[in-house]
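**Student:** Quick one: the structure is below, and I'll ask about it shortly.
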């Protein structure tokens, strides 16, 4: 019984060492060059969507005057019953990147 437990513990330890050794993988020069190339484009792939990464966009249930005041995937809504005052930002039914 002691031998079986010892073998099991050694097996788990060897699997741990093998998995941690595979995580410590060095990048090839081509991979490093590709990552540097992609990072040079910086903001090229960023979109000009309303409210994306905008500090002045309004969050959920924040006051608004129009859809552009609200953050991404939020639209300016009003209550359906009178009074129609106090519009707020609410989910506009979209998901993902536009």
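Including glycine, each Cβ sits where the backbone N, Cα and C put it.
Not my notes, these are from Swiss-Prot:
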DISULFID  57-71  disulfide bond
DISULFID  64-76  disulfide bond
DISULFID  70-89  disulfide bond
SIGNAL    1-21  signal peptide
**Student:** Whole-number Å distance between the CA of residue 70 (disulfide bond) and the CA of residue 76 (disulfide bond)?
**Tutor:** 7
**Student:** Find the one among the disulfide-bonded residues 57, 71, 89 whose C-alpha lies closest to that of residue 64 (disulfide bond).
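**Tutor:** Closest candidate to residue 64 (disulfide bond), judged by Cα separation, is 89.
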**Student:** Can you tell me the three-state DSSP label for residue 70 (disulfide bond)?
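**Tutor:** The residue in question, residue 70 (disulfide bond), is strand (DSSP, three-state).
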**Student:** If you measure residue 89 (disulfide bond) to residue 71 (disulfide bond) at Cα, how many Å is it?
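**Tutor:** Residue 89 (disulfide bond) to residue 71 (disulfide bond), Cα-Cα distance: 8 Å.
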**Student:** Please report the DSSP secondary structure of residue 89 (disulfide bond), reduced to three states.
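**Tutor:** In three-state terms, residue 89 (disulfide bond) counts as strand.
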**Student:** Pick the one among the disulfide-bonded residues 57, 64, 89 whose Cβ has the fewest other Cβ atoms within 10 Å in this structure.
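**Tutor:** Among the disulfide-bonded residues 57, 64, 89, the lowest count of other Cβ atoms within 10 Å belongs to 57.
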**Student:** So how many other Cβ atoms are close to residue 70 (disulfide bond), meaning within 10 Å of its Cβ?
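**Tutor:** For residue 70 (disulfide bond), the count of other Cβ atoms within 10 Å is 27.
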**Student:** CB neighbours of residue 76 (disulfide bond) within 10 A?
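**Tutor:** A count of 19.
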